[in-house]
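Report on the following structure.
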Ligand SMILES: NC(=O)c1ccc[n+]([C@@H]2O[C@H](COP(=O)([O-])OP(=O)(O)OC[C@H]3O[C@@H](n4cnc5c(N)ncnc54)[C@H](O)[C@@H]3O)[C@@H](O)[C@H]2O)c1
Ligand SMILES: [Zn+2]
C-alpha cells in the first residue's frame, strides 16, 4: 500500500505528540495524559508504520526506549542495554497464546514438544534502575535513560533503605542488578498530604513520585521520599557463573540480600500463565503497591539468548497488562451533595469511563479548595485514577485539551436541597447547609438528634424507625412526630402493637420538656447541651432567644462570635421559625421564666477583690473566671472596689469592705453574678 498524504501527516503528528509526552514523562516526571492514552497513540503510530513501511523512521518513538537523560546528572553508559518489554495488545488469553506460539516457532519446537517453561512475575509500576556492585559494594546506580545511556543517581539511591549498600554471601567480583524502584501507595498518600500542607506540588501517581525522587539533584530531598525496590534482572555480570534460569538467578539475588518480590512462579505453558494472570488480577487491589500487569519470561537463559532482541524489546518476554488505573474522560459537571450532617460536597459527574476495572461515573471532589488546588474547570478533559481498593479520584485536568468553553465551579450560596443559607467557617474547608433539622438531606440525622435522650427524650424513636418513617414520607419535620397515630405506625413493618403504644406514650410524655432541652433538640450548629442551657437561663423564654441579635447573644457566657452567628442565622430562616411554631401548636411546651436576674455584663469593667478560701474554687480559678467576664481583680480594697468576694477565714479585707460599704459576695453570689450558677 502507498501511504496517502494524510497518513504521512498523521504519522508526523503522532511522532510530535509522543515526543512531547516522552519529554514530560521521562524528563520532567510530570505526564499530562494517562498511560492508557499514551499507549493508544503509540499503537496507532505502530500500526501506521506497519501498514506503510515507507513511513517508518529510525528516529520514531516506536524505535526507541525512554527519553533523553537529564544533562544535570552525569551520564552512565550501559554495557548491557536496558530495554523495554513488549506489551501484548490483546489483553485476553489470545495475547498469551500468541506469545507462546512466537516463542515455540522461534525455538523451532514442534507441536509434540513439551510446554515451554516461563517465569511469571509482577510488572511493577515504578522506574527501572541498574545497581552496580563491585566486590559486593554498591558503587553506582543508574537510570535506564534511553536504554544505552542512563543517569547517575547513586547519591539518591544510597538513601533507599531497601537497597543494600553491601551484598552478603558469596558475592561476585562484579554484578549489575536490575530492578524497579517504586513507592508504596501508603507512602505516596502520606507524601502528597505533606506536599499539600507545605503548599508544594502534588504528584499524579506513585510512579512519577518515585521517578521524581530518584532523579533529584539533592539527596536530602530524595531521602524524604520513602522508596522501595524489587530486583528482577541482570546487567553486566563479569566472571560470575550466572545460574541457568531466571528463577534460580532470583534465588541467588535473594541470597545476596536483595529484595525480590515473592509473587513469582515457574509456569509451564499457556495455562499456567493464564492461571497466574487471573490469580494476581484478584489480588491487585490489595497489593500495597501499583502494578500495571504481569511479565512472562522464558525461564532458561540459554533459550533467552537464542531468542534475542528486536529493536527495543526482548523476544523472550512479554507484558500482560491489566485495565489501566488512570484514564481520561470529560468532567461533565460538578454537583453539590448534602450529607446527613449538612456538609456540602462537590461531586464530579464524569462521562462514564472504565478505569481500574470498574466503570466510573462520578467522584467526590471533597471541597471547594480541592477543586481550586487541582485547577479543575467544568467541561475539562480530566485524568481519573482508581488504584487499589480506594474510591476513584479526579487527578487533574489535561490543560492542553481545553477549548475555551470550560467554566469554573462556584459553591452555591444556598443549599441545593432545602435552600437554607450555606455557611463556611473561615478556618474550615467544609461548607454546610444551615437548615439543620429542616433540611430533607439531614432529616434522618436531625430527627435522631431531636428524639435523643438528652434532647426531647423520645424513647423508641431510634435508627430503624426514623429510617422507615422518613423513607415512607410520614415524617418530614419534627412536628410530624407529634401527629403520629396508631394507624400510621401499624402500617410500618416490624412494629408490634405493644411497641407502637409505647412509642406513642413516649412521644406524649416528651411534649412537656424544658426550654434548654428544646433548644438543644433543634440541632443548631455549634449549640451543644451546655450552650442550650446557657441560652435558656440567660434569656428565659424562646421568643427572646429567637429575637436576640449577634450582639446580644455575645453577652451569654461562653458564646463567641461563631456560635452567636450560628444561632442568629438559624432563627433568621423563615422555615425554621415555621416548624418551631408547628411544634408549639402540637403542644410541645416548657416553663418559661424571666431573663436571668443579673443581666450579663454586670462584671464588665468592675473591680473585684478576693479574700479568704472559697468552697470550690481556687484563687486562680476565681480570678480567671472574673477576668473572662471582663472584670478586674485587684489586691487591696479601696473606694474604687466594686465587689469583695469573701470565703472562709476572710480577714482584714472583709472588714475594710464593710467599713467602706463595698458589696460583699460569697462564692455562690459571685457565680450568680457571672451567671455560672
Ligand atoms: N503518560 C505519558 O505521557 C507517557 C509517556 C511516555 C511513556 N509512558 C508510559 O511508559 C510506559 C512505556 O515505557 P517502557 O517502554 O519503559 O515500557 P514499560 O514501562 O511498559 O515496560 C518496561 C519496564 O517495565 C519495568 N518492569 C517492571 N516489572 C518488571 C519485571 N518483573 N521484569 C522486567 N521489567 C519490569 C522495567 O522498569 C522496564 O523498564 C508505558 O506504560 C507508557 O504508557 C507514558
Ligand atoms: Zn439543606
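Glycine is no exception: its Cβ is also placed from the backbone N, Cα and C atoms.
From a predicted model like this one, the values you see are computed outputs, not experimental measurements.
As annotated by TrEMBL, active site, N6-AMP-lysine intermediate applies to 123. Neighbour density for residue 123 (active site, N6-AMP-lysine intermediate): within 10 A of its CB lie 20 other CB atoms from the protein chains shown.
Of all Cβ atoms in the protein chains displayed, 16 besides its own lie within 10 Å of the Cβ of residue 85 (NAD(+) binding site). Sequence annotations record features per position, and here TrEMBL assigns NAD(+) binding site to 35, 36, 37, 38, 39, 84, 85, 121, 144, 180, 297, 321.
Per TrEMBL, Zn(2+) binding site is recorded for 415, 418, 439. Sequence-distant neighbours of residue 415 (Zn(2+) binding site) (same chain, 6+ residues apart, CB-CB distance under 8 A): 338, 342, 344, 421, 422, 433, 434, 435, 439, 441.
In the domain 'BRCT' (598-677), the DSSP tally of helix, strand and coil residues is 26 helix, 17 strand, 37 coil. Feature annotation from TrEMBL assigns domain 'BRCT' to 598-677.
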Give me the sequence-ordered set of same-chain residues, not including 415, 418, 439, with a C-beta within 8 angstroms of the centroid of the Zn(2+) site's C-beta atoms.
338, 342, 416, 417, 419, 420, 433, 434, 435, 438, 440, 441, 442
Let me know the DSSP-derived helix, strand or coil state of residue 297 (NAD(+) binding site), please.
strand
Give me the long-range Cβ neighbours of residue 35 (NAD(+) binding site): same chain, 6+ apart, Cβ under 8 Å, in sequence order.
292, 324, 326
My understanding is the cutoff is Cβ-Cβ under 8 Å with a sequence separation of 6 or more in the same chain; which residues meet that for residue 39 (NAD(+) binding site)?
87
Minimum Cα separation from residue 418 (Zn(2+) binding site), reported as the residue among binding-site residues 37, 85, 144 that achieves it:
37
Ligand 1: which of the binding-site residues 35, 39, 418 have a Cβ closer than 6 angstroms to it?
35, 39
